[in-house]
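What follows is one structure encoded as structure tokens, with my remarks underneath.
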Amino acid sequence: MNGELIWVLSLLAVAIVLFATGRVRMDAVALFVIVAFALSGTLTVPEVFSGFSDPNVVLIAALFIIGDGLVRTGVATVMGTWLVKVAGNSEIKMLVLLMLTVAGLGAFMSSTGVVAIFIPVVLSVAMRMQTSPSRLMMPLSFAGLISGMMTLVATPPNLVVNSELLREGYHGFSFFSVTPIGLVVLVLGILYMLVMRFMLKGDTQTPQREGWTRRTFRDLIREYRLTGRARRLAIRPGSPMIGQRLDDLKLRERYGANVIGVERWRRFRRVIVNVNGVSEFRARDVLLIDMSAADVDLRQFCSEQLLEPMVLRGEYFSDQALDVGMAEISLIPESELIGKSVREIGFRTRYGLNVVGLKRNGVALEGSLADEPLLLGDIILVVGNWKLIGMLAKQGRDFVALNLPEEVSEASPAHSQAPHAIFCLVLMVALMLTDEIPNPVAAIIACLLMGKFRCIDAESAYKSIHWPSIILIVGMMPFAVALQKTGGVALAVKGLMDIGGGYGPHMMLGCLFVLSAVIGLFISNTATAVLMAPIALAAAKTMGVSPYPFAMVVAMAASAAFMTPVSSPVNTLVLGPGNYSFSDFVKLGVPFTIIVMAVCVVMIPMLFPF
């Protein structure tokens, strides 16, 4: 063992210890590695910074942007809402659908992001079903990890291994090369969790969050006595409202009808359009109306204006919470609007929002509020577009936002662009499948289109990239080059050959899986893939077999981080909400990791012959 190899292995040991202790940020450790290699002269400057020019680093950054675009447009949130409706109160159905949904979404966006989105969904469902969240949180994390086995772009380790294949002059994996293995693991994972979830006792009730919690739409509806006031009315052809401006119709004065928004068909889908005083109505528009006057004859109103009552699900537009927001505001002492009524202020025209409730001295006022003077200390309930509510809250000149309901966390800043986001995702996958356009270029095209369609803006795009992950990959890549230059890879391959080389390639697959899984207990799965990929390819070359089975087993083992709560950020996320201990992950993670290893040893040679 030469001096340079001892230096590289020592540096690797230091990095692993720092990763394992968690006292130093992982990206800081990666930068330390870059500096150490550059100053020691072990690698040339181009070799040290080769990670920054790696196409897969660009691809990973682009995938962060695409994933955030799916979040901002509400695609993931809508999936969560659908999941709750379909599963009902069945724990088995919820577990199966949860794992299928998370694995499906995680195949195209960050598994950590998907799991973060579904944690509040799972907590809500657990509370409603009066079951322990621990029975669903572990399946959630397992599904997030399994999603990394569903497509080539699902997780950075897959791309790292693919990059090593390309660097060695081989063809890379196709987009769905890993999918058959992932599907089998997913099915086994669902069956495994259906049986083993009973080992996760947890608390019988969902742990309550400490301190102040936000109220919900339902709380505000009850406090301001809004029950029974909401209506959905469709404008029939020939209605006198067609082509008329809202202010000219005087609906509030004549019928006590306050138009909150309009459902309108736009590009083959129904969207909710915000309204103001100059908004004009069209045939077949569906009006979302707050009827503040209890004595108004709804039948007469519909007859005179040729309106057709429509079904309204949920209480007071709660089913439209992704588009229609609600907030409590109050006048500030310096406001010039104190003493003026809603009508005098021109509230809807000025702010694009509707005043539907007013509390004075803790008591909600009833009836029409349009001519009620607003006093200092009044709490005003406004309804309208979430974006406009946010603008009013930030304005700070006349009003201060007192309370935004819990549903604000589900609102998506670009909800109306969800079809465009899905189109961009499908286009990216299609371009990757053609093999005519490089994967990073296909991802960048999708990012540009998301920007064009306003699924995401430039500032949000840069913020969505998880730069510590990018720096970690870039900083660990020089290790692969250094181990090859100094003979470290050859030494590792010799050790593997001594252990399992005489028993054939199947045994070597098992050895590579075990080694990758063990290393993954101490460092991130991405760093594991960076270190193990060159060793796997060198082992294949030594044995005279195809490199693809060995490369694939490293990618799969890197995603099989089921054994400890620190093996992956996905596990760490559910640790608290699930009220788990370290032993919970060990007793469920170790057996399932062995199952995944068995699947890989059997299936990989079938898909990628030696």
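Including glycine, each Cβ sits where the backbone N, Cα and C put it.
According to Swiss-Prot, the protein has these features:
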- 1-21: transmembrane segment (TRANSMEM)
- 29-49: transmembrane segment (TRANSMEM)
- 51-71: transmembrane segment (TRANSMEM)
- 78-98: transmembrane segment (TRANSMEM)
- 102-122: transmembrane segment (TRANSMEM)
- 136-156: transmembrane segment (TRANSMEM)
- 175-195: transmembrane segment (TRANSMEM)
- 218-307: domain 'RCK C-terminal 1' (DOMAIN)
- 314-398: domain 'RCK C-terminal 2' (DOMAIN)
- 373-393: transmembrane segment (TRANSMEM)
- 464-484: transmembrane segment (TRANSMEM)
- 503-523: transmembrane segment (TRANSMEM)
- 543-563: transmembrane segment (TRANSMEM)
- 588-608: transmembrane segment (TRANSMEM)
Three-state composition of the domain 'RCK C-terminal 1' (218-307), taking helix and strand from DSSP: 23 helix, 32 strand, 35 coil
When counting Cβ pairs under 8 Å to the transmembrane segment (464-484), the leader among 1-21, 51-71, 136-156: 51-71
CB contact flag for the transmembrane segment (136-156) and the transmembrane segment (1-21), at least three pairs under 8 A: no
Confidence summary (mean pLDDT) of the domain 'RCK C-terminal 2' (314-398): 81
The transmembrane segment (503-523) in contact with the transmembrane segment (29-49), cutoff 8 A, at least 3 CB pairs, sep 6+: no
